[in-house]
Amino acid sequence: MGDESPVTDNQTEQSESITEVPGEHGESNSEESTSSQTTLDDSGSGISIMDELQSESVETVFENKDLVRPDTIIDEDRIVGRDEQLKTVITNLKPALQNHGIPEMLLTGPSGTGKSLIIHAVCKKIVELSEAQGMRFGVFSINCEGPGTTSRAVYRLIQEATANIDEEPGVPESGVSTDQKLERLWEIMREHYDGVIFVLDEVDMLDGPYSEPEYNSLLYQLSRARDLGRFDGPVSVTAITNYVDFMSDLNSRANSSFNPDEIFFEDYDATQLRHILRNREDAFKPEALADDVVPLVAAFGSQTHGDARKAIDLLRWSGELADKQGDERVEESHVRTAQDRYDSDRKLRHIGGLSTQKKLCIFAVAATDHYSNASVDWIPAGPSYSLYQFVCDTLGADSYGRETFVNHVTEQATYGILEFDRRGRGRGKGIHMHFDLAEDPESIMERILEDDRFANLEQEEEMMRSIAKSKMNGFLN
Ligand SMILES: Nc1ncnc2c1ncn2[C@@H]1O[C@H](COP(=O)(O)OP(=O)(O)OP(=O)(O)O)[C@@H](O)[C@H]1O
Ligand SMILES: [Mg+2]
């Protein structure tokens with residue numbers, strides 16, 4: 001999650017500039033620079049392979065890009081605005097250092113609010129301190145999005161438990177029961193660890209193939225370890241989820257054994273985001289960040305849900321954009337362009353995920369806009385509906401009535417794909433529904449045509465153009 005870069009994705013044509021000779025920025029395209037490598041100049045020397053290899057091949061605004069990558073675990077002095085959560089987690093885990101029991105925890109809150117960061121930052125210190133005391137504390141952390149079932153999740157925990165010690169998992173990934181895997185896990189823990197914390201990130205994703213979600217059995221099994229006498233030392237489960245109501249979804253068995261201290265992580269406001277970003281400014285070279293960049297990134301970030309990951313991503317994308325354009329300094333304009341690209345990328349991804357019928361409806365509006373070539377800002381529903389009927393016909397899909405068509409289209413306004421408005425066509429000609437797409441119609445059509453079921457439409461360009469033109473002319477005159 002989170003590392004999609006609209007800057008790099010949409011800019012493939014620019015990646016060629018890496019092969020350019022430094023100092024010739026903007027003058028040569030890659031073809032010319034390739035030929036310059038094979039042509040000797042007047043002195044007969046050609047280019048110096050050594051100089052080329054030793055020169056700094058790509059100019060960059062970054063000094064330490066890791067600081068603005070989403071998965072880097074940052075030092076504690078860079079953590080901002082989570083004092084309360086940090087204190088609670090520390091208070092809860094501290095007894096482990098005296099070999100006392102530790103409570104279970106449930107960290108909830110929206111994306112990018114520091115849940116994973118805080119638990120890992122504290123666990124890292126616990127491991128360091130216990131090592132200094134001659135104790136071995138294990139943090140077995142898995143993301144529950146991958147495994148799918150309790151059995152596979154337990155296997156991942158075994159892999160975590162054996163990753164840094166001289167020990168084999170000792171059970172196969174499949175072909176043995178979950179109980180056998182659990183027994184093996186307890187055995188490894190007894191032999192190699194004095195205390196253990198299981199971190200189950202995105203726990204709600206472990207829903208499994210059955211009607212009763214699998215996280216119930218995983219939480220039930222792991223949280224009983226101490227009660228069943230499987231492990232003597234401090235042991236506890238920390239589950240992490242975006243769902244504030246997660247506990248009310250648990251079945252009664254899981255509910256009776258997993259009794260966590262719930263810790264809530266709220267969204268960041270613009271001031272907190274600004275602090276978070278300021279603490280990472282050394283990701284960039286000195287002077288490579290214009291003064292207004294961080295406040296602008298923070299402002300965009302707080303508008304879109306106060307997610308620190310998004311804000312950090314936007315800062316990195318802005319830097320990548322400056323690099324690609326050969327600029328030495330990240331300016332406000334880079335931030336705005338990166339944000340625009342991100343928005344447009346997000347909207348197109350949303351369109352790609354719509355149901356077939358909704359795609360058909362949006363396609364018809366985009367195609368009417370594109371093919372009619374009319375100089376109007378707003379596309380009337382009538383001509384779009386005619387094109388929708390043609391498209392359905394061509395693809396052998398059911399075509400719905402005009403009201404459903406309009407509802408499907410207007411629904412997309414909630415996602416920022418378009419605006420809609422009822423407007424007059426001129427005196428006495430009545431009020432009609434109109435649409436205004438927020439994205440370029442061709443990009444929308446391209447995204448929808450990526451769906452194989454729409455492939456036949458590529459051959460119908462001329463027909464669509466003629467319908468769009470004639471219906472639009474009919475409507476306007
Ligand atoms: N308080 C903070 N101070 C500094 N950096 C932060 C803070 N909170 C989050 N970050 C950074 O933001 C990014 C996202 O944080 P994190 O992964 O902890 O979010 P999360 O709450 O676990 O989100 P999700 O629910 O999507 O997994 C990370 O790069 C993290 O370092
Ligand atoms: Mg997380």
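Each Cβ is built from the backbone N, Cα and C atoms, and glycine gets one as well.
So that you can see what the record holds, here are the features copied from TrEMBL:
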- T113, G114, K115, S116, L117, Y268, R280: ATP binding site (BINDING)
- 7-18: compositional bias 'Polar residues' (COMPBIAS)
- 31-46: compositional bias 'Low complexity' (COMPBIAS)
- 101-287: domain 'AAA+ ATPase' (DOMAIN)
- 1-46: region 'Disordered' (REGION)
Distance-selected binding-site residues near ligand 1 (C-beta under 6 Å), from T113, S116, L117, Y268, R280: T113, S116, L117
Neighbour count (Cβ, 10 Å) for S116 (ATP binding site): 20
Listed binding-site residues with Cβ under 6 Å from ligand 2, out of T113, G114, L117, Y268, R280: none
Cβ atoms near Y268 (ATP binding site) (within 10 Å, other residues, all chains): 26
DSSP-derived structure type at S116 (ATP binding site), helix or strand or else coil: helix
Residues near R280 (ATP binding site) in space but at least six apart in sequence (CB under 8 A): L67, V68, I74, R78, I312, L315
Largest inter-residue Cα distance among T113, G114, K115, S116, L117, Y268, R280 [record-listed ATP binders, Å]: 19
